[in-house]
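Working notes, structure below.
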Amino acid sequence: MNWDDTPPTGDEAASERLVGASADGEDQAVEAALRPKSLDEFVGQERVREQLDLVLKAARARGATADHVLLSGAPGLGKTTLSMIIAAEMGAPIRITSGPAIQHAGDLAAILSSLQEGEVLFLDEIHRMSRPAEEMLYMAMEDFRVDVIVGKGPGATAIPLELPPFTLVGATTRAGLLPPPLRDRFGFTAHMEFYAPAELERVVHRSARLLDVDIDADGAAEIAGRSRGTPRIANRLLRRVRDYAQVRADGVITREIAATALGVYEVDGRGLDRLDRAVLEALLKLFGGGPVGLSTLAVAVGEERETVEEVAEPFLVREGLLARTPRGRVATPAAWAHLGLVPPQAGATGGGQGQLFGA
Ligand SMILES: Nc1ncnc2c1ncn2[C@@H]1O[C@H](COP(=O)(O)OP(=O)(O)OP(=O)(O)O)[C@@H](O)[C@H]1O
């Protein structure tokens, strides 16, 4: 929370949002309890599940270690969960680390050399690893071997170190940022999509059961519809609605309770929060629907440019409410409809600034 006049940075704004996709402290505490433990329990992502099931069953039948797996997709879609399921299905232990935690090749060598045979190494944010570590990983993935460099300068020598076979599960939100030599070393790559509302309803029902929360079908549908295609957000909204149901009602989550509770938290029927709506409202009411430059839009809502661009816009674009064009940000007809506003007459759209501030 900012108490001064400094606009929040993108990261701060993202982390204090109820509909932010990254995990906050409370999420981390609860998520362990809510994680599906097997592929059968994992909701949705049918194609990924089927493909992964084949990869793991075949490896088990051969008595071999599973191929390296790359999982790409937005935060909160279940990449960590899936890596744990891979380990569980293979009956293997799992080690969890992340790209930013591996700054030096030596950090990676230490982890790799302490792996047990068949162990799953989950490397989150693999695109943020340092270049020397990345190069060491190429050889480790392909030959289960690393060269540890001892000494410096002309006297430095490379000592080869054999590794036990292991399965690397890499996770990234940006598969496009991975260098091709790294991408090519994964035997199986899965892209995780946003979840359909019906799938999120199943996530909500499952989590409600585990948290011992009473919820009916319409209540689950209401939460699912506001969860931006993301299980982590669905679980978080469920917890907030549960609080409301306990304090202000009889504890049972119905559609009405869910809608009222999420209204209190300023998450609207489509999952937009205060920031998203502020951006849309400025675009529509101040600039007639655009086009307007990002910086101008950011000033109008009192936020940093990065916050608008990285925190609010991706979801608005995905929802078809806002378009990024070479001339600036433009609202779509769906944006006008969502805020219950009437667009300017045909032919006048796009001239909003002129209408308001011109002549
Ligand atoms: N398919 C699913 N079925 C049920 N619950 C799920 C599913 N996917 C994710 N979840 C729940 O969503 C939460 C977030 O999942 P997870 O931590 O695996 O996401 P992630 O993609 O690894 O996120 P990040 O990129 O931020 O690490 C977990 O608590 C998990 O219980």
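Numbers here mean position along the shown chain, with the first residue as 1.
Each residue, glycine too, has its Cβ placed from N, Cα and C.
As recorded in TrEMBL:
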{"type": "REGION", "residues": "1-27", "note": "region 'Disordered'"}
{"type": "BINDING", "residues": "LEU34, ARG35, GLY76, LYS79, THR80, THR81, GLU142, ASP143, PHE144, ARG185, TYR195, ARG232", "note": "ATP binding site"}
{"type": "DOMAIN", "residues": "65-196", "note": "domain 'AAA+ ATPase'"}
{"type": "BINDING", "residues": "THR80", "note": "Mg(2+) binding site"}
{"type": "REGION", "residues": "196-266", "note": "region 'Small ATPAse domain (RuvB-S)'"}
{"type": "REGION", "residues": "269-359", "note": "region 'Head domain (RuvB-H)'"}
{"type": "BINDING", "residues": "ARG305, ARG324, ARG329", "note": "DNA binding site"}
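Taking the C-alpha positions, the distance from ARG324 (DNA binding site) to TYR195 (ATP binding site) comes to 24 Å. Less than 6 Å separates the Cβ from ligand 1 in the case of none of the binding-site residues GLU142, TYR195, ARG324, ARG329. Averaged across the region 'Small ATPAse domain (RuvB-S)' (196-266), the predicted model reaches a pLDDT of 95.
Looking at PHE144, TYR195, the binding-site residues in this record, the fewest other C-beta atoms within 10 angstroms of the C-beta turn up around PHE144. Within 10 Å of the C-beta of GLY76 (ATP binding site) there are 27 other C-beta atoms, taking all protein chains into account. Remark: secondary structure over the region 'Head domain (RuvB-H)' (269-359) totals 47 helix, 9 strand, 35 coil, with classes taken from DSSP.
THR80 (ATP binding site) sits 30 Å from ARG305 (DNA binding site), taking the CA atoms of both as reference points. Highest Cβ count within 10 Å among the binding-site residues ARG305, ARG324, ARG329: ARG329.
DSSP assignment over the domain 'AAA+ ATPase' (65-196) gives 50 helix, 36 strand, 46 coil.
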